[in-house]
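Marked as disulfide bond by Swiss-Prot: CYS62-CYS83, CYS106-CYS143, CYS185-CYS207, CYS239-CYS266, CYS279-CYS320. Here Swiss-Prot flags ASN206 as N-linked glycosylation site. Marked as signal peptide by Swiss-Prot: 1-23.
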Amino acid sequence: MAPTLKLQCHFILVCLLALRGESRYLELREAVDHDPFPHLAGGASPKRELEGEPLYRRALRCVDMLSLQGQFTFTADRRQLHCATFFIAEPEEFITIHYDLVSIDCLRGDILQVFDGWILKGEKFPSSQDHPLPTTERYVDFCDSGLSRRSIRSSQNVAMIFFRVHEPGNGFTITVKTEPNLFPCNIISQTPNGRFTLVMPHQHRNCSFSIIYPVAIKISDLTLGHLNGLQLKKSSAGCGGIGDFVELLGGTGLDPSKMLLLADLCYPLRGPAQMKVGCDHTVLRMVSSGKHINRVTFEYRQLEPYELENPNGNSIQEFCLSTL
């Protein structure tokens, strides 16, 4: 992977780390210090908005990442040509971005675009194979649609905006809210440890669960139509000829379609399947024909430094390969 893309993927990793624990305090403290709505500084809360509580507000940086609902304002203090904000919600949520106020000069080359998912140097999540819309329809350009599309909802728990502002003082204000997603499909995990169940009820689509960490992952339950158990098949045999299966992918980029197939599961197996993946990015992907109700339950944890320092001794092979 190119050094620039690797650096940007590491930026996402740093941002995800900053969303956890004490690191979040630093972001919120900085947000309060730069709050463009000082009269609400004392009442703004980093928690998700509750009914009757004031809307959380803060300024946006040129490059930013948010996991909070609220109202966010970007005002250019100088010419800003390469800006982006990454949004991430809980796995079971959609993200809605609403334009409250936009003051940009489209004729001069300003840009304000929403992208349904995340994209870095052409690598997308969800991939083109997994998203219900073609790539061109995943972009919503304010300069093309104006306020006729004032609210834009994502198809999964991540979204982003790109913007370019030439004139100092110009910018925009958006309100970000989340809505429940009864059957979450494509997901980026905010945390390096967790447990999740992907369910796809009679829908012909693919779902990817993304973990941007090296992890140990254990698949404890798999239901693919009439199958009740698990079998791990080496990728040379493959499950591609079967309409419903689960893949484990590893890589260093963002796009699951460009990642290495480590293993696939499509037949019964006694007991859980467990493996360690030393890649920067691990994806569990479920392919569904639409003929069945498919379900996979798994848990994952971030690998410890000592496990990565001695990969062969900890069942982690080279080139991000995994073993049982």
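Note: Cβ is positioned from N, Cα and C throughout, glycine not excepted.
Feature map: annotations from Swiss-Prot on the structure.
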residue	record	Cβ contacts under 8 Å, 6 or more apart
CYS62	disulfide bond	PHE74, GLN80, HIS82, CYS83
CYS106	disulfide bond	PHE142, CYS143
CYS185	disulfide bond	ASP130, SER155, GLN156, LEU198, MET200, ARG205, CYS207
ASN206	N-linked glycosylation site	GLN129, ASP130, ARG285, MET286, VAL287, SER288
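The 10 Å shell around the Cβ of CYS207 (disulfide bond) contains 24 further Cβ atoms across the protein chains shown.
Counting other Cβ atoms within 10 Å of each Cβ, the lowest count among the disulfide-bonded residues CYS83, CYS266, CYS279 belongs to CYS83.
Under the DSSP three-state reduction, CYS266 (disulfide bond) is assigned to coil, being neither helix nor strand. Counting in whole angstrom, CYS266 (disulfide bond) lies 23 from CYS279 (disulfide bond) by their C-alpha atoms. All protein chains considered, the CB of CYS143 (disulfide bond) has 15 other CB atoms within 10 Å.
Take the CB of CYS239 (disulfide bond) and look out to 10 A: across all protein chains shown you find 21 other CB atoms. With respect to their backbone Cα atoms, CYS279 (disulfide bond) and CYS239 (disulfide bond) stand 22 Å from each other.
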